[in-house]
């Protein structure tokens, strides 16, 4: 009996298309990796000072920003195109563009070597951490290229295992390093945590770097470089703008306030962004349905997109109302005083989902420049507002400037996506219920901010949470009965 059940289960698994299996494994490994980072937060907040956690946040922020240029955004679209174009020369192509990113990394290293003190002051990081960062710029692209190719070729088992094992070992190494340094009363726990974590990650990347170069044996190819850069260079601006929007608040807090404030703000920002894991899963399921039905006259995109955003709105709101409990679990009393920034950050993160719905349309019509423009404008506004208001009101102001910037991003994305639709003889109103989505976005922001006065009234807050959970269950039930889910089953 047991063997029969296992056999049927195995047959069902085998019948699942390899593309679907691959998508599930990569999504699961991504969620696992990010979830691991969240789970480890309570350990670090109790062993490290807010100042040292601030150093970690600053390092990660600068790395994210500079790597958008250092990698030339070669995995943002051009790589997948090349996998198709050069299906019989993938090894050569891979080693060729890895040489290209390695040259960029060496140029960045030389720029640092010419004026190390200037860059240390600019980045707010010591020499040892900048050197660690430079090592990452050299080797990390190899891991990105390798994973992208494995994903393209549906070789999900080994790639998923490498991602998960690397994340586990790196996290354990960083915890051991911080525990050891804390027991030895060594203050520079940020250095220990970062080096322990990234030596594992960059070590794996370095191994892949050597493997790709030896297997491809192609250092330079004009055709490969030209094709890749033609696609990727326009995306560099978008990626840099996106990173500025994501991390400039922490950088400016470090410059205008101190690293301790960065530690508090960065940790609560991470907690407030937890719902993004849910949205990424929602959007990954919605995009195929959108792309398959966008040109059809009779579709349920409006209805389904409304339900998906409603479900995510409830999740974002619940996160803000559960904020006191979440912070008590993940952090210490030092962080609790800043709990009032969480609703505005969570509302800002919600607007990224609103923007995503519209950017999906621009991507469908292959007009990625219309995704870049809103990001650049919003990033510029964010930089200016952060500089003004952090100086005037302290680091908590960054939460509200970020919310405003994300609202600008969402509205501009809706505007430019409408333009894309007109250019392609379609209308945005035939795809999305713009009025309802806008009202939902405004309502989500207002309700999220309404959580602030309720933090001091636990009973009222819990009543609201119960109502929100009931609403969420109703919406989820509707989604499960929707056409999108029925289509996935067939």
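Quick reminder: no glycine exception, Cβ is built from N, Cα and C everywhere.
Noted in TrEMBL for the protein shown:
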{"type": "TRANSMEM", "residues": "23-43", "note": "transmembrane segment"}
{"type": "TRANSMEM", "residues": "63-83", "note": "transmembrane segment"}
{"type": "TRANSMEM", "residues": "95-119", "note": "transmembrane segment"}
{"type": "TRANSMEM", "residues": "125-146", "note": "transmembrane segment"}
{"type": "TRANSMEM", "residues": "158-182", "note": "transmembrane segment"}
{"type": "TRANSMEM", "residues": "194-212", "note": "transmembrane segment"}
{"type": "TRANSMEM", "residues": "224-244", "note": "transmembrane segment"}
{"type": "TRANSMEM", "residues": "264-291", "note": "transmembrane segment"}
{"type": "TRANSMEM", "residues": "311-332", "note": "transmembrane segment"}
{"type": "TRANSMEM", "residues": "338-358", "note": "transmembrane segment"}
{"type": "TRANSMEM", "residues": "370-389", "note": "transmembrane segment"}
{"type": "TRANSMEM", "residues": "462-480", "note": "transmembrane segment"}
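Outside the transmembrane segment (125-146), and at least 6 residues removed from its termini, the chain residues within Cβ reach (under 8 Å) are 55, 58-59, 62-63, 66-67, 70-71, 74-75, 79, 94, 97-98, 101-102, 104-106, 108-109, 112, 116, 119, 159, 191, 194-195, 198, 201-202, 204-206, 208-209, 211-212. 311-332 is the stretch from 158-182, 194-212, 311-332 with the greatest number of Cβ pairs below 8 Å to the transmembrane segment (338-358). Among the listed stretches 158-182, 194-212, 264-291, 311-332, 370-389, the one sharing the most Cβ pairs under 8 Å with the transmembrane segment (224-244) is 370-389. Contact between the transmembrane segment (311-332) and the transmembrane segment (370-389) is absent: fewer than three CB pairs lie under 8 Å, with pairs separated by 6 or more positions in sequence. Within its own chain, the transmembrane segment (370-389) is flanked in space by residues 234-235, 237-238, 240-242, 244-245, 248-249, 252, 256, 355, 359, 362-363, 397-398, 400-402, 404-406, 408-409, 412-413, 415-417, 419-420, which lie at least six positions past its ends and keep a Cβ under 8 Å from the stretch. Only residues 6 or more beyond the boundaries of the transmembrane segment (158-182), in the same chain, are considered here, and those with a CB under 8 A from a CB of the stretch are 25-26, 28-30, 32-33, 36-37, 40, 43-44, 47-48, 146-147, 150-151, 188-189, 192-201, 204.
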